[in-house]
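Per TrEMBL, the features are as follows:
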- 14-109: domain 'Endoribonuclease L-PSP/chorismate mutase-like' (DOMAIN)
Amino acid sequence: FLSSAAPQTPQGTFVKGRVPNEVSVADAITASKLACARQVNRMKTYLGDLSKVKKIVFINGKVQSQSDFTNHTVVVDGCSTFLVNVFGEKVGKHARTSGGLTSLPFNVTIEVEIIVQRK
């Protein structure tokens with residue numbers, strides 16, 4: 001069980017703001033991929049090797065958004081696509097939930113939690 005990860009850029013800053021008025025949907029999708037990249041790095045650190053990942057079981061994506069925004073799944077698709085690209089269909093395809101909140105810790109745009117089955 002991996003606790004939530006926020007989107008951190010290669011420069012070390014976090015993507016912050018509400019979708020879509022402060023962060024565009026396209027930028028939020030990129031932020032979703034960045035959050036998942038942090039999770040993959042955590043997996044590698046903990047397991048020592050990504051080949052020890054048997055299955056990405058479940059992800060929960062929380063998007064900081066305006067109250068009338070309804071395309072949370074489009075944003076979280078960025079993470080899902082990223083995981084399938086890294087692990088392939090057999091290991092990377094997963095169940096998931098997505099939803100919106102009017103605020104997240106430290107004003108981050110998205111948080112992603114992941115459940116992984118290891119070999």
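Backbone N, Cα and C define each Cβ position, glycine as well.
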Helix, strand and coil counts within the domain 'Endoribonuclease L-PSP/chorismate mutase-like' (14-109) (DSSP): 50 helix, 24 strand, 22 coil
Taken over the domain 'Endoribonuclease L-PSP/chorismate mutase-like' (14-109), the model's mean pLDDT: 97
